[in-house]
């Protein structure tokens, strides 16, 4: 019997590291044709609606507001998100990122809602207005952290010590750390959430494999194919009386007519600064919100790095991230002026959508910003889309957050995975990034307050909020260990040398191609 032929040499070679992600259909500077770009932009708009609705739905009733106030806050978040997305894509990092609401700001906002000076207010409408003004004042102060650290270049200096190894836990947990918004949200109405999850999986991953025609269409527009199908299915269940005798919580999650947004929204309305009145200020609340702003800064840094990969750009230079953080601070300032009861950060689900569609075009995201502003002004139409049952969004999150977590892990290609140092730092950072926030969240769920519980609510928030953030804890642990545990060949083991050319904006010509400012503004605002 003849012996098997020897294996080819290339079959035994590992996959070579790549500074830019291959297989992307349209990268950051190469937009798709206009009709396709408009449809893709609308898809980004649909995806960002989930967070835009979930946050006000959780906060506004506690603030004393009803459906009308909730609809106006959703409308305001949409409007400001559109403006902030345009600012970030034109003058910030220039990455195709959607700037929307942040779950990290929810905890300090709830702390403001529970403050004694608001809880004694008998009139719900007046309580809502007073609480909103309090959050506006705290956000105004909080925005200065990102503006100063970003535009001064201080954050740039911190990031120059970031290696691929220390970036992996931070970027990965930006996606994986939101696991509680995935299947637990699906399970709140499993007959709606699970079909969305399965259909999106089939349309985006399996149909392109088995079809010989239009395979790019199903993968690229999977959200627009699946959401209407499941939304119609949920509508049929609603009008068919499937939830007629269900508990109130089930009806809220499953029915298509329980959001209250369509009825509460005006036909046409333009949000304007200080529409709720003049902001009020409290030193303690401002300190707590400033710490939260710093946590969001870290989380958005990880999101920017992940977005640069899916846009098929080179590693984003520290000075460009710093510039983007400065503009994100201006975004939080706009949030405070308009009264969104929330701060701005990078929309993680929309980064996942970049991976799903393989379209990392800047123009597509700028078009989506136009949809945000347009539908925020036409209140009824925007509210109609925003009334999509939240389990449908949760089904999509299961794929989108997985894409973001996966892109974080992809930076391990630059590291030596046979190094014990690498294994320890990576494993310990991941473990602590999941374990520490789990302890803080479990303690809060049982006791009603965090492990740090003193008479000063603002001090409690300054400690409890950071250690409840998975990307922050993981990134902090990895960054400190990676820069203090020095052994022979540590520089190569951690992949630090791979990013040398990108630590300065001018060292690699591709940085100018991807991140230079428009309208020749680089002459006045040079990147270093």
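Placed from the backbone N, Cα and C atoms, the Cβ positions cover glycine too.
As recorded in TrEMBL, the features of this protein are as follows:
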- 38-61: transmembrane segment (TRANSMEM)
- 73-91: transmembrane segment (TRANSMEM)
- 97-116: transmembrane segment (TRANSMEM)
- 137-155: transmembrane segment (TRANSMEM)
- 193-211: transmembrane segment (TRANSMEM)
- 217-236: transmembrane segment (TRANSMEM)
- 364-386: transmembrane segment (TRANSMEM)
- 392-412: transmembrane segment (TRANSMEM)
- 424-440: transmembrane segment (TRANSMEM)
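Within its own chain, the transmembrane segment (137-155) is flanked in space by residues 108, 112, 279-282, 285-286, 288-290, 292-294, 296-297, 301, 318-319, 321-330, 332-333, 335-337, 343, 528, which lie at least six positions past its ends and keep a Cβ under 8 Å from the stretch. Touching of the transmembrane segment (193-211) and the transmembrane segment (392-412) is concluded from the presence of at least three CB pairs under 8 A, sequence neighbours closer than 6 excluded. The recorded stretches the transmembrane segment (38-61) and the transmembrane segment (364-386) share 3+ CB pairs below 8 A when only pairs 6 or more apart in sequence are counted, and are therefore in contact. If you look at the transmembrane segment (392-412) against the transmembrane segment (217-236), you find at least three C-beta pairs under 8 angstroms, all six or more positions apart, and that counts as contact. Contact count against the transmembrane segment (73-91) (Cβ pairs under 8 Å) is highest for 364-386, out of 217-236, 364-386, 424-440. Panel annotation: around the transmembrane segment (424-440), residues 165-166, 168-169, 172-173, 177, 412, 415, 450-451, 464, 467-471, 473-475, 477-478, 481-482, 485, 494 of the same chain, lying at least six beyond its termini, place a Cβ under 8 Å from a Cβ of the stretch.
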